[in-house]
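Presented below is the structure to which this report refers.
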Amino acid sequence: MFAEVIVDVAAYPIDRPFDYKIPELFEGFVEPGMRVKVPFGPRKVVGYVVDVKGESELAENKIKPLEELIDFDAILSPELLELSKWLAEDTLAYRIEALQVMLPAAMRAKYEKFIQVEQLDAITEPDFLTMLKGRDRVPLKYADSPILLKQLKAYVKSGAVQVDTLVKQQTAMKKVRMIHIVKAPILEELLNSLSKQAVKQRELVTWMIGHAGESIEAGKLLKDAGVSATVLKTLIDKGAAHEKKVEVYREPEVVQLRETAVPTRLTSYQQYAVDEVLHAFHKKQDTTFLLHGITGSGKTEVYLRTIEEVLSKGQEAIVLVPEISLTPQMTSRFKERFGDQVAVMHSALSAGEKYDEWRRIHRKEVKVVVGARSAIFAPFEKLGIIILDEEHESTYKQEDLPRYHARDVAIWRANYNGCPVVLGSATPALESYARASKGVYQLLELPKRAKEQALPTVNIVDMRAELQEGNRSMFSVSLAEAIRERLDRHEQTVLFLNKRGFSSFVLCRDCGTTIQCPNCDISLTYHRATENLKCHYCGHEERVPTICPECESEHIRFFGTGTQKAEEEIAKLFPEARVLRMDVDTTRQKGSHARLLQKFSEGQADILLGTQMIAKGLDFPNITLVGVLAADTTLHLADFRAAEKTFQLLTQVSGRAGRHDLAGEVFVQTYTPEHYAIELAKAQVYEPFYHMEMSSRKQFGYPPFFYIVNIQFSHEELMKVVDYAEKAARFLAEGLSPESVIIGPTASAISRVNNRYRYQCLIKYKKEPKLTETLQALIRFYRTDWIKDGLQLSVDKSPVVIY
DNA sequence: GCCTACGCCTAG
DNA sequence: TAGGCGTAGGCC
């Protein structure tokens, strides 16, 4: 028997299955979806079995046997193996990348090289012997000097030592020491035999008699019995107990937020949505639903009800949320409703915790997964429903290889399993709403808030007028007044700082110079904590200059507004207010995000000040005011989705106010109050915005009227990057149909990163049967030839941002 | 992607 | 001519 194996080598000529002989020992045991260790050329690598067959086309002597099984049952189902094939093709990635993206990072193999001593007596060099310290196997990295490397080379040649690769599995399994205490009679006998001086031992044995026959975790035992580890060790040696390492799951910290009541009745809109989705579920139809529900309309309740039914039929559910750590409330609702049938997968978990959650799914110990993008690959085999909450979020698209969109994978899996997909949002992506309008998706509307509360009143504040009045602060008079009122009434305020593209930078007030990164074509960002300037693209760091490098003026200082600055201003304006700041700086530590939210939910603060991360999911009854400090910042980005992003953000953040009994109010500060994205966000109406934006997209030929592919080129030399980009553009023009438009090559918005010049080509097409074929041919040129000349090329289908 | 064999080159 | 460096081609 032979196994077709995809090996863990990401290279163009390797991107296909390789045949290996299955040794008799493993015969009948190897199945598709298992990982194996195989010899590949002179080294050993991990591979994924994708097929098992009786015959191989290769000559017998060309086939090596596989060496070892890493798994004893398949870790990838036939569905996921099939999916990896489609994924690799669709995203133009290697098959191995597609396979690996489906598994938790802890399962990815690490390779370590070792020096293995074969003939100890042949080694005479004192340096080399010192390095070995009497061991016959040391990591290769110990040989870290030119002398040692030279000696190593000689010894390898003579056969005295060997260098081999060890495939290291990061066995992320957590084990605890369990102490099993023996039966009482044995203990009593032992007690009698102990000498009088063995006070602590007598103490522990006496304690053990009270717990005879029990198994207790070592740490707990020591604490409860009040003895030290040495005493226990001695007694284990004397036979009073046995120790065993037992595999356990880590328990991710679950922050309990104030409970949200379970509604007893659904609104008629919710009921209709539930009925429609369940109809598709029962009929095993892979319908994609677009659940368009305004903020507070109870989309989550629709998810919960449909999942309940799916579970009752013995099937499983995947729920995707944009970045789950941002919505602890969402997870607690799922945990509340489905208890320990829920696994949670989010980026704040450690690698080990992610692995544990993955195993719980794989072993069918849970039936629901709530997680971020990668949870779409949850190894379920009886999928009954897939839900994407906030489906418009750009985090569903993976930015590095394989560049998949979770929505597309969801639809693929739904199709494979014959189950419905629900895309939920208050502000659907234009693409999705357009598909719903065309009948590709089925539209479900929730136009009313669940408890019939009114939507908050949204006030637009023209900051230009404020400036004319002489108000130079970040807070308009009306917003400041509104905050003052909340403080007096002991209600809570959320202040949102739209920070993207808005980070602080250093500017000379005299000559207008900004400090640029020496490697990249972008301004450096000011970091107050370290008093440093940092480049977000290449990591370059330098001190803040005291005089302008251009004109030597001393009037050089940081400019722009960050959360820290906002916090300072709040402290000045409202010295008595208790403020919680939530941004990358305050949430870096694990779990701090949830802790901050918990504090806020318990009323330990009056004002929550934050960036993007507070825009969604917050659902606290005492929030009655939302202030958006600067609405425009996302509006002026060089991105065709700028208006859509702004509208979505404003709608989402406004939705945080007045979700319960108290009425909400929103203040949006802007320098462009007349822009339709801002005007329509004030009115909180999606459809008119959709139509406005669609006509603009149509005019400029952007999605959803055209599909887009972005091809990025980068090279250290400007001439070469232009050259290759032009070559590629010509090639694409020849290969694609004349209806498709090729724009460029043009210099990218950030034309240099890390000392590499960047160019790009955009392909716009409506229908392009030859797309995949042509792109693959282009990639073949790149991977076989251009790459050797130092070019870097990347293809991004339906990019979410174009840099 | 990594390894090696094989090419070419230089010092002696 | 041995040893050093660089690069093309194979990996089952």
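A Cβ is built for glycine as well, from the same backbone N, Cα and C atoms used for every other residue.
Here is what TrEMBL says about this protein:
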BINDING   A:CYS508, A:CYS511, A:CYS548, A:CYS551  Zn(2+) 1 binding site
BINDING   A:CYS517, A:CYS520, A:CYS535, A:CYS538  Zn(2+) 2 binding site
DOMAIN    A:280-446  domain 'Helicase ATP-binding'
DOMAIN    A:543-697  domain 'Helicase C-terminal'
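What TrEMBL annotates, mapped onto the structure for a quick look.
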residue  : record                : contacts (Cβ under 8 Å, 6+ apart)
A:CYS508 : Zn(2+) 1 binding site : A:THR514, A:CYS548, A:GLU550, A:CYS551, A:SER553, A:HIS555, A:ILE556
A:CYS511 : Zn(2+) 1 binding site : A:CYS548, A:GLU550, A:CYS551, A:SER553
A:CYS517 : Zn(2+) 2 binding site : A:SER523, A:LEU524, A:CYS535, A:TYR537, A:CYS538, A:HIS540
A:CYS520 : Zn(2+) 2 binding site : A:CYS535, A:TYR537, A:CYS538, A:HIS540, A:ILE750, A:ARG752, A:VAL753, A:ASN754, A:ASN755
Field: C-beta crowding around A:CYS551 (Zn(2+) 1 binding site), within 10 angstroms
entry: 13
- line: Across A:CYS535, A:CYS538, A:CYS548, listed as binding-site residues, the smallest other-CB tally within 10 A is for A:CYS538
- request: Using the centroid of the Cβ atoms of A:CYS517, A:CYS520, A:CYS535, A:CYS538 as reference, list every other same-chain residue with Cβ within 8 Å of it (recorded Zn(2+) 2 site), in sequence order.
  value: A:PRO518, A:ASN519, A:ILE522, A:LEU524, A:HIS536, A:TYR537, A:GLY539, A:HIS540, A:VAL753, A:ASN754
Chain-mates of A:CYS508, A:CYS511, A:CYS548, A:CYS551 with C-beta within 8 Å of site centroid, Zn(2+) 1: A:ARG509, A:ASP510, A:GLY512, A:THR513, A:PRO549, A:GLU550, A:GLU552, A:SER553, A:HIS555, A:ILE556
Message: Considering every residue in the domain 'Helicase ATP-binding' (A:280-446), what is the mean pLDDT value?
response: 93
